[in-house]
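Enquirer: Sending over a structure as structure tokens; questions will come in a sec.
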């Protein structure tokens, strides 16, 4: 019974543990085992690993060996593939996979066989990242099955294009192992061609061909079924079946045509201007068209950019010009908008199409300067029929598919708010051409109608009743009612379809000035309140017009709402404008000469000449569209006239656009004799040759009518070019008779431009621009129909129609670009940032790079300042940016301190030459915003670079949203605080911004609403500042990939697995303890019988089969009586039972375990 005693004396806690462990679910046991296996495996896979090739001809070939746990071993070749070879070649820096021999060509390896059934995708960074059976596991491989590879670093490989007429087109041939071979055309596409053209430095791929288009080759066929993504550095880096593996013959040899080897050109035909018309492409010596299938604004933008025209505004599907003929070279063109040439966009193969010439594509290119959008016939600029003028062609918009989204875009573009409705039937019929504009749709959030996609200009008809008409929310049609003379009366404004009056407290002198101008009533004379012109009826508009006075229409003025019911018709406002709106010349031989007559108070009368001078006459001639004043003859030359002689005296300066703009006095003027009436002779339609009044070689040209005040020559002979970015390019302007004016582009050509460039000392003309290429001018259009022979020394020595004689508008202002015109830019294909990139200068009509020899920080500062970027920058190393290759213009630029522009810095002579990217200058200018005098780079006083100097920001309205924009712009973390009152000291210089009101999501501070630049009443004691979170990004250096893995990841994995296993064992321990506690509670709450049963079962569970056999074989049935209570102490230690209970348990046990 000693064995039984051992059972009774055993700690029942360990018995609990064994019982619960045995009763664990299969899932729990599986998890424990898997984690244990992972723990063991990770200790193996996490060690450092290395890769090498052994016994090969060179470092890029041989038997594959892997080092694991400091022991080198081989790889079995079961399932060995080219994908695995590619991974190994890339890993070892031999990127070109040649072949995957089934067994090593060299002698067999020795030691462990570490890997078997290796399965790679080809893009893994290391061989052990591929799937395999497990370290050291293999299918009874021997070292006769050791895997090997043959790679190459590409140095012994060559490629060429043959039979194409040049080195950039032809049949593809590759030299491998000393033999030239071809490429099969199976699955060959534009991606393959792109790799080849880039590899051969032949530009971009234009086309590819198969079926031995360039003749059949000879020798091996090296590649078949290539798979390229288009960005590989060499063709042999694309996926392939292996060198020399194919199922082709030379009838399937592939070829390519690259851009540098193609005879490619693009032109526009049959357009209104040189930048509009049908598109035609020259390919392989023949011109053909482009089908309009899928043609949209992205395609048009690429075409316009390629042609050197402004941004594409219209993408014409069917043009007004005649149909093309010949080839249709391209179809289904699909551009993203950034491609440098139309043939670099996706398209069908050259010559493959499903079109006819009724579907020829075209474009109209424009930067918007020659486009005009307006609403006509609706009573104000914000309502009416939609009219579009594109490059002198006037058209209407067809309302097929026209809705509120399209109308919203028009209203927004015109500054007229949002669309109220899209039809207003009482508009007057404004005549337009039969040219119609069609839009497929707008999404409603475009900034202009030109931004809507899929324009179609012309080619289709639209009925007159289909013309698009809209009314915008800012539509306010003004009128003057109840006045006793023209241009006076009660102010009434029409909103929508309703007329209403304005309260006299809501209409300022500035608003009245705008009203008079819009009604063509000259200037405001007075504002009269208190219903001076009678009380109106109906609506009184509860809004205040907040005009500045320079607006052309009342609808352009901001409006502030006013509470309803605070005004009555007894306070209707009235306005009196200048009365001198009707004026004429009478008794002259032409409409542009004669006696001056005004209509005042409904009656015509002559004007007294007591204060009439040439400046007044200039304004009158311009108002009558008669050019400029040539003379102001006296002595009633054109008759005395009948009726009233008005004694009003005009005080014009000569620069006004309208006689009503000139100050007028009449009070106290003396009576005027009938022979003292004002007269004028305007230049009108007279044709003459004009010269400088100050020229010593040419005296003033005598007029045909010798009057004492005649002017027939330019007063000072001044000439300038405006808005061109330099003194040698821009809009041509001439100073004549006290005002600057422009030249019309009719007949404007290089001969005229040559004279301008020579006169200004700007070399020769390289471009004579028209259509207000440099923006619309103001003032007179002095000259038209210029006919220079190119030898004149002054532009006004050329023949023309004469001063002011023209039929033009400022949309036709002429301009020039001279050879000495220079411009500057930083450009980068990878970024649109204008303040970083390759330094380029424009000279003699072309862009070129700048060499970095002698380039200094001082020179970089000059460049950055000239570009308005910052006051300094840094020189970057040669960029990998794939910027277009262009020649170098200049080198050795050495700027001393002081120059404002790069043009003032000495350098080597201009010399156009080819240069390598390493010789070019790459610059990054500093940020236009900075923080000063703070403890870190992300806190301090806010300063902005603008207008060539650093300045501060006033703290009026400055808050955390403004600070957030600054922090984001500087690359710092979120804003912590927005400081006021010069927290980081007072700055110097201008205070550039005030009343900044950011939302917090703007990309830069100058995108936030604020007062105009430099308009501030603040002092530097109000300088704004910020405190941003200071983000310090520390880059962890990466270990070079040489076949060795990092130990760090292995340690981490082992640690995690250990923690998981520990957690599982702790959970089992607490589970056991908790169950024992429940059992104690159960025993104490039950009766004695239950206690006896539980104890019996617990004892029984601790006895194995041998114990039971021993007890059953006992011959002395009374041995059990020898057990004493003392021998059961170990039981009572775990179950609190009495002595009687112990005896009962013993007796019960004897009865159950044998018939003693």
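Cβ atoms here come from the backbone N, Cα and C positions, even for glycine.
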Enquirer: Looking at 1051-1071, 1072-1092, 1093-1113, 1114-1134, I want to know which stretch Swiss-Prot calls transmembrane segment.
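Expert: Going through 1051-1071, 1072-1092, 1093-1113, 1114-1134 one by one, Swiss-Prot gives transmembrane segment for 1051-1071.
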Enquirer: With Swiss-Prot open, pick whichever of 231, 767 is annotated N-linked glycosylation site.
Expert: 767
Enquirer: Of the residues 320, 1027, give the one that Swiss-Prot describes as N-linked glycosylation site.
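Expert: Cross-referencing 320, 1027 with Swiss-Prot, N-linked glycosylation site lands on 1027.
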Enquirer: Going by Swiss-Prot alone, which of 105, 685, 1001 is annotated as N-linked glycosylation site?
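Expert: My reading of Swiss-Prot gives 105.
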Enquirer: Sort the residues of the domain 'SRCR 1' (51-152) into helix, strand and coil with DSSP and give the three counts.
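Expert: Going by DSSP assignments, the domain 'SRCR 1' (51-152) contains 16 helix, 35 strand, 51 coil.
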Enquirer: Using the alpha carbons only, what distance in Å do you get between residue 335 (disulfide bond) and residue 925 (disulfide bond) once rounded?
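Expert: About 32 Å separate the Cα atoms of these two residues.
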Enquirer: Which residues, sitting 6 or more apart from residue 89 (disulfide bond) on the same chain, put a CB under 8 Å from its CB?
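Expert: Listed in sequence order, they are 60, 95, 96, 97, 149, 151, 152.
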Enquirer: For residue 864 (disulfide bond), what is the secondary structure by DSSP, using just helix, strand and coil?
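Expert: Residue 864 (disulfide bond) sits in a helix per DSSP.
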Enquirer: Can you tell which of the disulfide-bonded residues 184, 808, 925 lies nearest to residue 672 (disulfide bond) in space, using Cα positions?
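Expert: When the Cα distances are compared, 808 comes out closest.
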Enquirer: Could you say which of the disulfide-bonded residues 567, 744 has its Cβ with the most other Cβ atoms inside 10 Å?
Expert: 744
Enquirer: About how far apart, in whole Å, are the alpha carbons (Cα) of residue 905 (disulfide bond) and residue 184 (disulfide bond)?
Expert: 57
Enquirer: Pop the Cα-Cα gap between residue 864 (disulfide bond) and residue 567 (disulfide bond) into the table, whole Å please.
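Expert: Per the Cα atoms, residue 567 (disulfide bond) and residue 864 (disulfide bond) stand 57 Å apart.
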Enquirer: Among the disulfide-bonded residues listed here, 503, 788, 895, 905, whose Cβ has the fewest other Cβ atoms inside 10 Å?
Expert: 905
